[in-house]
């Protein structure tokens, strides 16, 4: 294995000690900013690993570009957000002037990555300190809340809805709400949380006329269906909001939901 490959492997395997040892050596053979591992640069991997010291060295000593993008247009900030490393992100934003709202090929901001992976601290930093838009949409019209719902990330969802006042009925380009996404992905905890807010309409239809119940049924997500039915049972005995009563299978209005 070449020295370059060994260095790349150390970064990929999160072997900090080996990476630090090899960097000065590999520079004699090839500039670190030219090394790519499956299209990803060393700076991307260092940011993902949370190696603040190495990240600083790669930029200051080895002339890596903090604004460099990978094969799908992710920046180092996207990588750091996915890795849950606020300290690295703070350095990249404050000292390297990286854009906290940079988008990749699909329109994802670092917020979208943090939401999908349940990184609440990253979310708080980006929204509270960097003033990022918590309702930013990607190329499909998905907000961070859609991704949190799909990933079953209730902590992030609670933060976005309760503290950031994000709209749980926001619709994507195909008309899907976070509840549609959660039921489609079989994210039972997310479904339960969304229904418990009292702000989600389980009868809402996407652009193809599908309700959350229908999506869960089509995909065979039995756990999610159980949550929907249980919620319907509870609401049917306490009829505050009439629309939720049709969640109960066998209810005269159930066909509305399944439509």
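Cβ atoms here come from the backbone N, Cα and C positions, even for glycine.
Note that the structure is a prediction, hence the values are computed from the model and not measured.
These come from TrEMBL:
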REPEAT    106-128  repeat 'ANK'
REPEAT    140-162  repeat 'ANK'
REPEAT    174-198  repeat 'ANK'
Arithmetic mean of per-residue pLDDT over the repeat 'ANK' (174-198): 96
DSSP-assigned states of the repeat 'ANK' (174-198) in counts, ordered helix, strand, coil: 17 helix, 0 strand, 8 coil
Residues in the repeat 'ANK' (140-162) grouped by DSSP into helix, strand and remaining coil: 16 helix, 0 strand, 7 coil
For the repeat 'ANK' (106-128), the number of residues DSSP places in helix, strand and coil: 16 helix, 0 strand, 7 coil
